[in-house]
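As structure tokens, the structure follows; a few thoughts come after it.
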Amino acid sequence: MLRDMATVNELTNWNVKASIEAKYRALKCHIESIENNTLEYTTISNMIQSSTNTNEEVIIHHVYSVAKQTDVLNFRSTLFNQKQLFHGSKYNNFLGILSRGLLMPKMVVNDLGITRTDIGCLGYGVYFSDSVSTSLKYTTSSVARPGRRLLCISQVALG
């Protein structure tokens, strides 16, 4: 996380008063808030609610669309068997996810020199689920906003 913060600071000339837009640009991804009266928001909300265990309540506070040009260019949309799936991660991992994308754990350790704090429940890998309840188990709450968590919905080519 420190490396990602340093990169963002370098790209904003270490200006602590840099605008939030400048900081987002430094992440090299496009982030857009999705209004709750749109079809996209309703589709995502329905996807979340339909994959939640009946004894759980998931409250959606905000929905954002995130696009990383490198991911868009590298994704092979011609592959068959694609699904929108959930990915849960610790709150403090999202700066790295936004700046570098979802990386295989071995790449994080070997190429970036970052120490893994876990090996995951199923070993090293990047995991997705069609169940929001399953993905939420891998998330942690925000320190600044207790109870709030971050979750990704990604277009995944299953092969």
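Every residue, even glycine, has its Cβ placed from backbone N, Cα and C.
Listed in TrEMBL:
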DOMAIN    18-159  domain 'PARP catalytic'
What mean pLDDT does the predicted model reach across the domain 'PARP catalytic' (18-159)?
82
Per DSSP, what is the residue count of the domain 'PARP catalytic' (18-159) in each of helix, strand and coil?
46 helix, 25 strand, 71 coil
